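Enquirer: Before anything else, here's the structure in question.
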Amino acid sequence: MEHSLFEQLLLILVGAVVATTLFRRLNMPPILAYIAVGVVIGPFALQMADPHEMELMSELGVVFLLFMLGLEFSLPRMIAMRRLVFGLGALQVAMTTVALILISLALGIDLNSGIVIAGALALSSTAVVTRELLRLNQLSAPHGQISFGILLFQDLAAVFFLIIVPVLGSNGGEINSDELFMSLLQGAGLLLVLLVLGRTVLPALFKEIARSRSDELFVLMALVTALAAAWITHAAGLSMALGGFLAGMMLGESHYKHQLEADIRPFRDVLLGLFFVTVGMQLNLDTLITNWHWILICGGSLMLLKAAIIALVVGRVNRDGHNALRSALCLAQGGEFGFALLALGLGHGVISSELNAIITATIIFSMVITPLLIGFNGQIASFLLREKVPETSSVKEPSIEELNDASEHLDGHVIICGFGRVGQIVARFLRPLDIPYIAIDSDPFRTHEAAQAGEPMFYGDARRADILKAIGAERARLLILTVPDHSESMAALKQIKRNCPNLPVLVRTQDDSKLELYQNAGATEVVPEALEGSLMLVSHILTLLEIPEEDIRSRIDAVRSERYQLLHGFLHGKRSKKITDAGDPNELRHPVTLTDDCYASGRTLESLALKARVVALKRGDIELGSPPDEEVLQSGDIVILTGEPSQVEAAEERLFSG
């Protein structure tokens, strides 16, 4: 039975909603859900949709996928990490590609198909790997940085494969070296032209559109940029996907990067979903069932081969077997770019549909296994090396002895449990008053950042009695509990009062909904953040209305003494419990450690002209608050930056690469 295009789209969208919901419950990537929908409704199963009618929309999905990857691609960051990128990354891609081509030839596959297969399998999944490493707080760990550096070069190698595949599909399958050279030259020329446009013309256009404050114009301009670049490369005989990637690169260094990501994401997600559905439609179930053993063998062999090459390369260069194995486990899979390259190869007649089905299934198999490999990469590496299993986070929990040593000189100090925004603000007021404090937090990344910035902070859980004892809770003057999670905060409060019943505890909450529960559990003071913000606003309003200061203070104090009773009970609307965006980006603090080969070493702060503010400079045991512009930076300095996220990112890139 034939279905209209509208009916096919409706079937795909309904199937995608159901499958994505199911796969998310199983903690599996949504990419696999789209592919499963394509397999079920495709011409080799229920025959409810035709992949050829979806070709254009699916190809646009690939354009937007590569556009987003291009936005994430950072030339300054790549230059700053050049040893990892051009050393380890280049070796991994080259060795894996050559090995896979040789294996393909040994299996009787022709050279052109072997090149496409090798390119599709040599590159790992940027989306899956970075998402899992971020979720596990391991992106800043040594193996996370190694993996990220290799992924950066893989993104660069993707450009090469996108250029050569159309050439491989021409001339009846024979490789024409002259045509290949001209295509590479053409691609390099387009890259140069588009990058020049991206540095000069596009920022000016986007600046004018941003001034108009029109969301519609901004979205339209983003779509036009991506599609125009895709059209230019297509008109030049190259792939549309290459144009999308180059367009992303053009805008990746602009101030509008994050807004572009947010605006393009809905279009990318829908169109990319259609692309992966068409990938599933091209999978012949009979072929998959007949060759299931080959798929398992290919999937396992691919992961073993890539892991072995990466472990060998990283181990020989870095002389660190443990992190070499962890990086290898993170990057052993095929990636989403493999699907795009296989579709391109199939469209140009370079590979057969049977080969496409087997290689696509191989990539899917490897991507399904990846979250498990990344989740247990430390334990697996330790087992293979017969080492003691390390902590799963990138920050090791300190021993009780280390905490005892850090707090033994403290008496009458303040303990801050939770070093988020509120905890850090409290610390900034305590330090100038010479009031000693110690902080603990269960976020390993924040602990690492704070420790680098010189804060007396340790990784730990306030619900543990041994941790509380080790940080000197029985000698403390005050404990401040700023943990945002209610259940964790309540459990910590009960543990604190059980071990130190006389210790005053101030609890910060989001609102007043659990006020009485905290008071009954023994909290000395409970400060609802939203209500205190309201009182501060009222105080300013009354001041502007020329109400006497004493009257304002007495009224505010009366509300606090009555436990905010005046502020209870509101008329709720549709948005009462929603967090609204004020439109202004939050400022953050970020420490940057300078290395021997970074650009900033030996230069003054004035000459660097950083966009973010330098609020402190830590050099050994010496800390300079607001260092002068004439200060010359040295290797090993820790520069503490403050500003909006884009300003801090630009300043860090300036420090490393100029």
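Quick reminder: no glycine exception, Cβ is built from N, Cα and C everywhere.
Residues annotated as domain 'RCK N-terminal' in TrEMBL: 411-528. According to TrEMBL, the domain 'RCK C-terminal' annotation covers 577-657. Under the heading transmembrane segment, TrEMBL lists 6-24, 31-49, 55-73, 85-109, 115-134, 146-168, 180-202, 214-232, 268-285, 291-315, 327-351, 357-376.
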Enquirer: Any residues 6+ beyond the ends of the transmembrane segment (214-232) with a Cβ under 8 Å from its own?
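Expert: Distant contacts of the transmembrane segment (214-232): 60, 63-64, 67, 190, 194, 202, 205-206, 240-241, 243-244, 246-248, 250-251, 256, 259-260, 263-264, 267.
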Enquirer: Ranking 85-109, 115-134, 180-202, 268-285, 327-351 by the number of C-beta pairs under 8 Å to the transmembrane segment (6-24), which range is first?
Expert: 268-285
Enquirer: Restricting to CB pairs under 8 Å, which listed stretch, 85-109, 291-315, 357-376, is in contact most with the transmembrane segment (31-49)?
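Expert: Going through each listed stretch, the top one turns out to be 357-376.
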Enquirer: Counting only pairs at least 6 apart in sequence, do the transmembrane segment (291-315) and the transmembrane segment (180-202) share 3+ Cβ pairs under 8 Å?
Expert: no
Enquirer: Tell me, what is the mean pLDDT of the domain 'RCK C-terminal' (577-657)?
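Expert: 79, rounded to a whole number.
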Enquirer: I'm a bit unsure how to read this: which one of 85-109, 115-134, 180-202, 268-285 has the highest number of Cβ pairs shorter than 8 Å with the transmembrane segment (327-351)?
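Expert: Ranked by Cβ pairs under 8 Å, first place goes to 115-134.
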Enquirer: Across the domain 'RCK N-terminal' (411-528), what are the DSSP residue counts per state (helix, strand, coil)?
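Expert: Once the DSSP states are binned, the domain 'RCK N-terminal' (411-528) shows 48 helix, 25 strand, 45 coil.
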Enquirer: Per DSSP, what is the helix/strand/coil residue tally across the domain 'RCK C-terminal' (577-657)?
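Expert: Once the DSSP states are binned, the domain 'RCK C-terminal' (577-657) shows 17 helix, 25 strand, 39 coil.
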